[in-house]
Amino acid sequence: MASTSPQTSKKVRNNSGSGQTVKFARRTSSGRYVSLSRDNIELSGELSGDYSNYTVHIPPTPDNQPMATKAEEQYVSNSLFTGGFNSVTRAHLMDKVIDSDVTHPQMAGAKGSSCAMPACDGNVMKDERGKDVMPCECRFKICRDCFMDAQKETGLCPGCKEQYKIGDLDDDTPDYSSGALPLPAPGKDQRGNNNNMSMMKRNQNGEFDHNRWLFETQGTYGYGNAYWPQDEMYGDDMDEGMRGGMVETADKPWRPLSRRIPIPAAIISPYRLLIVIRFVVLCFFLTWRIRNPNEDAIWLWLMSIICELWFGFSWILDQIPKLCPINRSTDLEVLRDKFDMPSPSNPTGRSDLPGIDLFVSTADPEKEPPLVTANTILSILAVDYPVEKVSCYLSDDGGALLSFEAMAEAASFADLWVPFCRKHNIEPRNPDSYFSLKIDPTKNKSRIDFVKDRRKIKREYDEFKVRINGLPDSIRRRSDAFNAREEMKALKQMRESGGDPTEPVKVPKATWMADGTHWPGTWAASTREHSKGDHAGILQVMLKPPSSDPLIGNSDDKVIDFSDTDTRLPMFVYVSREKRPGYDHNKKAGAMNALVRASAILSNGPFILNLDCDHYIYNCKAVREGMCFMMDRGGEDICYIQFPQRFEGIDPSDRYANNNTVFFDGNMRALDGVQGPVYVGTGTMFRRFALYGFDPPNPDKLLEKKESETEALTTSDFDPDLDVTQLPKRFGNSTLLAESIPIAEFQGRPLADHPAVKYGRPPGALRVPRDPLDATTVAESVSVISCWYEDKTEWGDRVGWIYGSVTEDVVTGYRMHNRGWRSVYCITKRDSFRGSAPINLTDRLHQVLRWATGSVEIFFSRNNAILASKRLKFLQRLAYLNVGIYPFTSLFLILYCFLPAFSLFSGQFIVRTLSISFLVYLLMITICLIGLAVLEVKWSGIGLEEWWRNEQWWLISGTSSHLYAVVQGVLKVIAGIEISFTLTTKSGGDDNEDIYADLYIVKWSSLMIPPIVIAMVNIIAIVVAFIRTIYQAVPQWSKLIGGAFFSFWVLAHLYPFAKGLMGRRGKTPTIVFVWAGLIAITISLLWTAINPNTGPAAAAEGVGGGGFQFP
């Protein structure tokens, strides 16, 4: 038995079967960890306040002690876990997480009343409703530590001196007054006593059968749990069998969860025909061009024909995968009937949907405002999905205290925001976006208290924003105060020890948390073990897992009346992986893999949805939409569901094609008809099993090994080469992680509710409540986010997000498709997710530069689609091949943009004369191009203006970012020069005066040089050729028109770029004029040197300038 002192802060249950050691200790006021035993303290005689908390090892507590189990879970959620390489995992009990008050019982820092034991400053535990938990009938208030001591020593309650009874906590009389069970059973009084309970409602043990009570009385817990359809709920079309009773799915015909809708033949057939016609015409045109060279300007003809051949090849790679576009639809009512409705076998209506873990990543609170991230988290916590099935994880790769406290504030505000969204069916559930809507907020709202509730929640949100925006100053002032105190202490100790008072006091400038202890992550003044690249792993359960049954609120304890609303919140975990010098942390991909491992141990949701910090859930049913595909018949081989990216804050004209609708609504929809869309980094629902590097299941082979079609399998069943001894080599040495893999695979299977479903799970398998968190489990999750865990494993190579490219998203999706998985594109009527995009020209160019550089890396790596396996379909192979090749088009595009100017300067053209054949071919190609554009607009739903903006941006980015990407990629391959990129700055959304202010900001970048040069050269060439033609004795207007036409074509594409350089109200940077003048002078001098005026003889032949001379 462990001995304790009066000030012992925490004890923990350790599972004997785990090798993970956890030390619980409260850090002292100086930020140091104290880990001493009572014997050591008594021998040393130092029993001061700083050494009042120490490590206590408690033997495993029996499972039949609910007080200990619930107490430990809350202690775990109130502790900040830290650990890493060559360091002990510690759990620091935090007195408070943020400066403001914490009200929700699930949140870290929630405390009950003071313990009634003498000389104890502990707090009584809280239950799910925030009420004090008292294990004895005498209602003696006792904290968890004192309760454990009393259990071990005497087993008597310190209050009434009676014996504690195991299970008393669960046998407390339930309180139904709050509305959790509004329909009491017959034969009960208002307190729920069972004195007159009929024998028919007792089970074989003589105990009250609650499920039977629900069935016979049609009791309700609320939507998604015990829910009984009311009369006229479904209108006049409701089946008679559904009136006044539960839905029996077995009596209803089987219906699919999703449908594949083909494009109408009137659109797709002409579209495919035009592709064939243009391909044939293009072949004839190129053949004619090769056979008819321009002997007068062979150099011009040769450059043009090389570029045109490449453009034809590039068009094939881009166009052929678009042959099979499709649309899809989902049926959320069928999903609800199958998984959420009560039945005789599930009278409580507990959801049978699989769990889902949502990942949000952030790295720098200065470039990614914490308020934006907090709003994203709030939209996730309010998602319309069974609360107990949702877990949210935030990866803070910067390890900043600002992000930590901002997330704690978000969790605290979620106590009001999430029930408010459920009560009034709010959309969108991002508070900033919701309160910024320019529509009538009362539209489609039926509750009479909506206006009052909205006014209250708006006031609370304004205060929440003030707290978030004030956190930097609050943390700085707090840290300055504590650092000043530490300096005073150090100075006092130096004087008492007789030191030299003239020597400066060396005290580290630490960053302090709200509870007065050192922040284990990055400090404002970086030091060893406290910088962005050197800090311990941190894990804090901000919101502990909710109870499996609804928690109906009341009208007394909240600002808003939630008397008929479920007030539970999903589990929310803050994670900052360990970083140490000398380790390659692999940027975002490494952070995602750390979340995959930590979540596998804590919640192990069979599906993962990853979002950027500025992409929030705009449609609260988006998760259900994606689940319709995963849970449908044949969904076991879907590796991920890709949702389109939609953006807010884009200028109305979409000057730089930020919406990218041609790609998201055209290319991605077309790939959905092949093997699936590519993974684009955010808004993607993954199958966890597919991320582990396994091949898609083959039901015929797998079922030969098992007698039952719904029996769980082991990892070796999916990969014969992966036996127990090979698990650490692939996944690391975590036993809990390895054990979670087959569980996640089994829970992610479709429902075996149809004879055609050969590979599924039995109905009701996921209704079992999850186990509460314990310290050993959380400590294991800390160990798997350490910097050394991936050493000598296949993480980043085969497992998880793939390393080695700045576009890790495309590579990760490619690996899955290459193993035979397929993906699905889910376009919902209401946008599923929305985010922000850079509307500034420079930021947009750098964003495209990062994407294009990743594509070049893919081309020169083993992820090139040329080396793909036979499991990758042909059209999908072409699409991935285009991903790696498209940046190289910039080399030919830049040359082709200069050809009109070369033609005008030289007086020659790419063809000898504008013959009928050339014009006919050009006309046919143009007509096919226009026809394809119109039909593509029809089946994709994009607008012609969006299509034209995409064409303009293709030339702008192709002559700037793509060229630099090719150069950087080649340098990396040849010279090994690493490429580093800065984060795209996210808008904080606080500038309400002009939301498009960034559009007019001109920030000079070297990426702007090539487009400026192209534009100036073509403008000067047009002027020079026009003047020269006028002064020629025999004007050659055909050559002028041909060259000028293509020059205007280039300039028309560069118009958005030129407009961006102008800035706002003529505020053009001086550098633009300097470059323009320099280019004009250089070209003039260069042309004068190459082709000087040769006098009247040359003028008579039409050579030179006639009577025109350069100044």
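Just so it is clear, glycine is given a Cβ too, placed from its N, Cα and C backbone atoms.
Because TrEMBL annotations are produced automatically, they should be read as predictions rather than curated entries.
Under the heading active site, TrEMBL lists Asp397, Asp809. Under the heading UDP-alpha-D-glucose binding site, TrEMBL lists Ser361, Lys367, Glu368, Asp397, Lys587. The Mn(2+) binding site annotation in TrEMBL covers Lys588, Asp612. As annotated by TrEMBL, compositional bias 'Polar residues' applies to 192-202. Look at TrEMBL and you will find 273-291, 297-317, 879-902, 914-935, 1012-1031, 1037-1058, 1070-1090 tagged as transmembrane segment.
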_Restricting to CB pairs under 8 Å, which listed stretch, 297-317, 914-935, 1037-1058, is in contact most with the transmembrane segment (273-291)?_
914-935
_Diameter of the UDP-alpha-D-glucose binding set by C-alpha atoms, the set being Ser361, Lys367, Glu368, Asp397, Lys587, in angstrom_ = 16
_For the transmembrane segment (1037-1058), I need the partner stretch with the highest count of C-beta pairs below 8 angstroms, choosing only from 297-317, 879-902, 914-935._
879-902
*Considering only the recorded positions Asp397, Asp612, Asp809, which residue has the minimal Cα-Cα separation from Lys587 (UDP-alpha-D-glucose binding site)?*
Asp397
*Take the Cβ of Lys367 (UDP-alpha-D-glucose binding site) and count every other Cβ within 10 Å, whichever protein chain it belongs to.*
13
*Express the distance between the Cα positions of Lys367 (UDP-alpha-D-glucose binding site) and Asp612 (Mn(2+) binding site) as a whole number of Å.*
13
*Using Cα coordinates, what distance in whole Å links Glu368 (UDP-alpha-D-glucose binding site) and Lys588 (Mn(2+) binding site)?*
14
*asked:* Using Cβ atoms only, which residues of the same chain lie under 8 Å from Asp612 (Mn(2+) binding site) while being at least 6 residues apart in sequence?
replied: Val360, Ser361, Gly681, Thr682, Gly835
*How many Å separate the Cα atoms of Lys588 (Mn(2+) binding site) and Asp809 (active site)?*
10
*Other CB atoms, at most 10 A from the CB of Ser361 (UDP-alpha-D-glucose binding site)*: 22
*Using a Cβ-Cβ cut-off under 8 angstroms and a sequence gap of six or more, which residues of the chain neighbour Asp397 (active site)?*
Ser361, Thr362, Ala363, Ser576, Arg577, His585, Lys587, Lys588, Ala591
*Would you pick out, from the binding-site residues Lys587, Lys588, the residue whose Cβ has the largest number of other Cβ atoms within 10 Å?*
Lys588
*Same chain, 6+ residues apart, C-beta under 8 Å of the C-beta of Asp809 (active site), given in sequence order*: Tyr679, Val680, Gly681, Thr684, Trp801
*Inside 10 Å of the Cβ of Glu368 (UDP-alpha-D-glucose binding site), count up the other Cβ atoms and send me the figure.*
23
